[in-house]
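Data first, discussion second: the structure below is written as structure tokens.
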Amino acid sequence: MFFILLISLPSAFAVIGDLKCTTSLINDVDTGVPSISSEVVDVTNGLGTFYVLDRVYLNTTLLLNGYYPISGATFRNMALKGTRLLSTLWFKPPFLSPFNDGIFAKVKNSRFSKDGVIYSEFPAITIGSTFVNTSYSIVVEPHTSLINGNLQGLLQISVCQYTMCEYPHTICHPNLGNQRIELWHYDTDVVSCLYRRNFTYDVNADYLYFHFYQEGGTFYAYFTDTGFVTKFLFKLYLGTVLSHYYVMPLTCNSALSLEYWVTPLTTRQFLLAFDQDGVLYHAVDCASDFMSEIMCKTSSITPPTGVYELNGYTVQPVATVYRRIPDLPNCDIEAWLNSKTVSSPLNWERKIFSNCNFNMGRLMSFIQADSFGCNNIDASRLYGMCFGSITIDKFAIPNSRKVDLQVGKSGYLQSFNYKIDTAVSSCQLYYSLPAANVSVTHYNPSSWNRRYGFNNQSFGSRGLHDAVYSQQCFNTPNTYCPCRTSQCIGGAGTGTCPVGTTVRKCFAAVTKATKCTCWCQPDPSTYKGVNAWTCPQSKVSIQPGQHCPGLGLVEDDCSGNPCTCKPQAFIGWSSETCLQNGRCNIFANFILNDVNSGTTCSTDLQQGNTIITTDVCVNYDLYGITGQGILIEVNATYYNSWQNLLYDSSGNLYGFRDYLSNRTFLIRSCYSGRVSAVFHANSSEPALMFRNLKCSHVFNNTILRQIQLVNYFDSYLGCVVNAYNNTASAVSTCDLTVGSGYCVDYVTALRSRRSFTTGYRFTNFEPFAANLVNDSIEPVGGLYEIQIPSEFTIGNLEEFIQTRSPKVTIDCATFVCGDYAACRQQLAEYGSFCENINAILTEVNELLDTTQLQVANSLMNGVTLSTKIKDGINFNVDDINFSPVLGCLGSECNRASTRSAIEDLLFDKVKLSDVGFVQAYNNCTGGAEIRDLICVQSYNGIKVLPPLLSENQISGYTLAATAASLFPPWTAAAGVPFYLNVQYRINGLGVTMDVLSQNQKLIASAFNNALDAIQEGFDATNSALVKIQAVVNANAEALNNLLQQLSNRFGAISASLQEILSRLDALEAKAQIDRLINGRLTALNAYVSQQLSDSTLVKFSAAQAIEKVNECVKSQSSRINFCGNGNHIISLVQNAPYGLYFIHFSYVPTKYVTAKVSPGLCIAGDIGISPKSGYFINVNNSWMFTGSSYYYPEPITQNNVVVMSTCAVNYTKAPDLMLNTSTPNLPDFKEELYQWFKNQSSVAPDLSLDYINVTFLDLQDEMNRLQEAIKVLNQSYINLKDIGTYEYYVKWPWYVWLLIGLAGVAMLVLLFFICCCTGCGTSCFKKCGGCCDDYTGHQEFVIKTSHDD
């Protein structure tokens, strides 16, 4: 059994090691916890930073993300000093601490002088996971040695698979005295190491600094003994996560003051400043305070003056509210898991635990777990969580079927016995019990199987640890009965079916007898649908929470009253032991219902109920639901007696009822908002503005970053911190405007005079100064200069406004998939996406129709349209040639081509068989056909001639035979040659046939001998194959057992690799289709979004067109630059493609007059007047009125003024709206990716080869028999009589040869004409060496021939 240690469980780390190297001088004295330093991490001088991989940066500042300590964090002193005794509490938490991302250590170099030598001592540190010899531990241990009277310090670094002692410790230099021996690991064999190396350090340094962190399975180490910034030491890929670190106690007789200050590392952004020599001289933790964030925003240690929008802040909780229902009983899950009986997979058992408490650490300590992993939830979160209830299913695991239980896998267990629901939050526990403490129960849960005789005895004689599982499941209708009717002839015995069921059917066989036959032939597992009947036993797969509905049933084994089936009638099940190494393997599936909501809670991290703090931001844990919020007490009557939690429509916690006091509360989120930092370059810190938030809310809660608070006050913009309130005054220039007419002014003199302020003051910003005119009539609100137009010209502006657009409809399925069926089938899984797309486009088209109707209504009355402008462009496509795309078209494309060939140019050939006389006959005639009868051959005393005649011979013999028949008996002698010729040639045919017959007998005899030898060879081969088969079958059985062992560990192996590949190909194809669908749906979605945006723009432009029709075309607009450029005169409108075309005429100013104007005048100190549609202007120290559109001074009269009741001016400032340009703060990508791969458990493979039977084959006898058969075959050589092949040429007639001769002469004449009479002119006959001129001189050609013998 390969045991997997669950490092995620807190109880797994009771001590650092598990090997008891020593038990002497060990006690349980509590010496306290590690002390906390009064010094904090100050990163400004580089403390906690490092030179990244020793890279050099010159005279620059860099923003780097990495693992750094938090600025302002404290240290813990992890050093432990002993003399003789060690405390067991030293080797447990908090001294054994989580490593997480990494640690930064500040180690004091404790120097002790003895005998004139100054010794250097400090403790060793180890970093690892389980600290056993199956995992690597990193050890950094100091050692000193005296060389020539000088002390040399070494850092011995090793990364090895140490077996760590339970109480590890180191000792000081032997010269300082020791009462213990150094003992921190114990390994009898050679230790496997990845890294070993020694580094020197300065023994005179006051402090040493270490920087250890891990990232992506790689460990990084940095170190320095000079300065604060650490330098690269080494890095090493481990591939595992280091979980803990431990500073080993140092024992020494001498009085040493040890300090090993450690602070954790986390992912931070730092601003690092380097000088011209590449030395890091300043560092900033960007998230430590507001000033640091300003530096990082500007990438400068000395940021310039400005107003900076920071990343904001979140009010931090000031208290914790914890609620659990008290006095709940213990769930006692471990007792049920350790029960004396456990079910088989076929009849797996379930139990629900609710309204009780459980302890995961206690549970794991009571069972021997092989592995524990969770699906859709982090396993470590189970400690301290609450659930509505926990449902646990368990059963014994057959040894060969454990692989079936992997989440998402298939196989017998998950297909036909127990299906794991991957959609819910669940955890899978694999554990084992001793064989003596457990037995496996067998029970068939199928009601219809048990109705027809299946009981526990039907499983036969099974061992106490044999687990029964189904290999196929079958379901039947309620009316099913397997017994036949008595009217059937043949088959099994009759039976009486229960009431309400249907007896087995019969059908008329070929013999016309009523014969009984099974519905499912030959059995339901192999039934393929024969005859006209349908097998009522239908194969099914189970779903989560279902048992197998029934095993298969062979109906011919059922009979009796009532109908009962024999045990062997039930098929499709198997059994196998659950024992392995003397323990029974058991599977338990924890189904977690209503995660973080309920009264079934883990007590591992449970706390006591606290007081409910209201109206401030708090951390809450309410019956397992955790979060942050502000609790507001309300009087709610809508909770029922069994309800404690209230949710909103989005599924978020909205309120709760306290179980103890019955009080009800609403939950509001803690404030998270915008912060503006106002910074002046001459100041060392900024003033802050918490937008839209009162100071009482800011300081009643704890904000994210601590502030050196000087003063604060509420303003129109929000809470202002560290600035002086000076809103009674105003400034005309401001470098730090904050909006809404306010300014934060920095006054250096103010800070030097008033030490309680920061030099910032919050005041009004008025960038203008009113220059009042001394007059008996006083202007109201000041006197200002503006320009008023005095001369004009007529201008024209042509404007097009779109009021409609083409309608768009999309066939979504065709757009995405075309006509690809697989794509369309998978597209259906996307639900109503396509319907939604078309619905949106329909809404867009309806919106366009409505908009067009509104535009048309505005044009119906009072507007004359000009001739409609032609919309659209004619595009002629008739001349486009598509043949390059479509290829060749028409009947000419497939016409077959013809060719000529010269076959047997000179003669026609006829071949015939020759037994020896044809060649001699041919040699005798020499080609003279008249010598035919003279050259008669003799073959074994018989006169013979070849059975072949030429045309001339046929003519001659025919003429002779004809002459002999014309004038008998005078011409009878002329027929003698003919008759001899026929007889001799018949003899030739007979001789040839006789030779062929003799050869045929020889072939048959030799073939019979060969068959005997072949048969003997086959017998020998068969005997050898029988032996081979026996050995191969034995090894196949062994291999089958091995494959079963492998399948337990490596995954379900299909019947063939081709099936696996086909499934993988199908999955890959489906994944690729899904990617393509997603891509095309994204494009379609973007297009539809663009259509929505465009339709909105069209709607707005159409509304603008309607407004311009009403105001510009139907009337004269008083608005400047609305109907054209300038003051409107007249507008015309024309219809245009997809819109309206406007022509505006207006008069445009060409010259302006600068005038002094006032918004009003105050007469007699209490009566005010203001201009009506114009301005009051001061002309030559007298007040007059002029219109706003053109300069034309006229006296102030009652027609151009409005009388006011007072001269006072009410000032109102509109609030400013500023866009939040901060980037969303997304979670770390690595952390988010980690959520998908956490808590993955593995099962070690069992690669035992005990089942393989290695057998050697002895096939010598069979090989000898085969050799004898080969000899017989070799002796079956057939010596056939030679039958030659004679070729007889049939010559062509004389006129054919004449034509060939004439054609040759013509060709020679043509060649002479071409070569000698053309091409080179008349001079060709003058050349001796060739027919063509050679201007480079005569060249001789030497032709050499060679003959190969």
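Any Cβ shown, glycine's included, is placed from N, Cα and C.
Quick look at what Swiss-Prot lists:
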- Cys21-Cys165: disulfide bond (DISULFID)
- Cys160-Cys193: disulfide bond (DISULFID)
- Cys172-Cys252: disulfide bond (DISULFID)
- Cys286-Cys296: disulfide bond (DISULFID)
- Cys331-Cys356: disulfide bond (DISULFID)
- Cys374-Cys427: disulfide bond (DISULFID)
- Cys386-Cys601: disulfide bond (DISULFID)
- Cys924-Cys935: disulfide bond (DISULFID)
- 15-298: domain 'BetaCoV S1-NTD' (DOMAIN)
- 329-603: domain 'BetaCoV S1-CTD' (DOMAIN)
- Asn133: N-linked glycosylation site (CARBOHYD)
- Asn198: N-linked glycosylation site (CARBOHYD)
- Asn456: N-linked glycosylation site (CARBOHYD)
- Asn662: N-linked glycosylation site (CARBOHYD)
- Asn700: N-linked glycosylation site (CARBOHYD)
- Asn725: N-linked glycosylation site (CARBOHYD)
- Asn1180: N-linked glycosylation site (CARBOHYD)
- Asn1210: N-linked glycosylation site (CARBOHYD)
- Asn1220: N-linked glycosylation site (CARBOHYD)
- Asn1239: N-linked glycosylation site (CARBOHYD)
- Asn1253: N-linked glycosylation site (CARBOHYD)
- Asn1274: N-linked glycosylation site (CARBOHYD)
- 900-921: region 'Fusion peptide 1' (REGION)
- 919-939: region 'Fusion peptide 2' (REGION)
- 1345-1349: motif 'KxHxx' (MOTIF)
- 14-1293: topological domain 'Extracellular' (TOPO_DOM)
- 1315-1349: topological domain 'Cytoplasmic' (TOPO_DOM)
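Mean pLDDT for the motif 'KxHxx' (1345-1349) in this predicted model: 40.
Sorting the glycosylation sites Asn133, Asn198, Asn456, Asn725, Asn1180 by the number of other Cβ atoms within 10 Å puts Asn133 first. Packing around Cys924 (disulfide bond) is summarised by its Cβ count: 14 other Cβ atoms lie within 10 angstroms of its Cβ, all protein chains included.
Look at the Cβ of each of the disulfide-bonded residues Cys21, Cys165 and count the other Cβ atoms within 10 Å; the largest number goes with Cys165. If you take the C-beta of Cys356 (disulfide bond) and look for same-chain residues 6 or more apart in sequence within under 8 angstroms, you find Leu328, Pro329, Asn330, Cys331, Asp332, Thr600. Just so you know, of the disulfide-bonded residues Cys172, Cys286, Cys331, Cys386, Cys935, the Cβ with the fewest other Cβ atoms around it within 10 Å is the one at Cys935.
Each residue contributes its Cα atom, and for Asn198 (N-linked glycosylation site) and Cys160 (disulfide bond) those atoms are 14 Å apart.
Most buried of the disulfide-bonded residues Cys193, Cys296, Cys374, judged by other Cβ atoms within 10 Å, is Cys374. Comparing Cys252 (disulfide bond) with Cys21 (disulfide bond), their Cα atoms are 19 Å apart once rounded. Considering only the recorded positions Cys296, Asn456, Cys601, Asn725, Cys165 (disulfide bond) has Cys601 as its nearest partner by CA-CA distance. In the set Cys21, Cys374, Cys924, none of the disulfide-bonded residues has a C-alpha within 10 Å of the C-alpha of Cys160 (disulfide bond). Of all the disulfide-bonded residues in the record (Cys172, Cys286, Cys374, Cys386), the one with the smallest CA separation from Cys924 (disulfide bond) is Cys374.
Secondary structure at Asn198 (N-linked glycosylation site), as computed by DSSP, is strand. For the disulfide-bonded residues shown (Cys160, Cys252), fewest C-beta neighbours within 10 angstroms: Cys160.
Within the set of recorded positions Cys172, Cys286, Asn456, Cys935, Asn1180, the entry lying nearest in space to Cys427 (disulfide bond) is Asn456 (CA atoms). Cys935 (disulfide bond) sits 122 Å from Cys386 (disulfide bond), counting Cα to Cα. Closest by Cα distance to Cys374 (disulfide bond), from the recorded positions Cys21, Asn133, Cys172, Cys296, Asn662, is Asn133. A distance of 21 Å separates the Cα atom of Cys601 (disulfide bond) from that of Asn662 (N-linked glycosylation site).
If you take the Cα of Asn133 (N-linked glycosylation site) and the Cα of Asn456 (N-linked glycosylation site), they are about 48 angstrom apart, rounded to a whole number.
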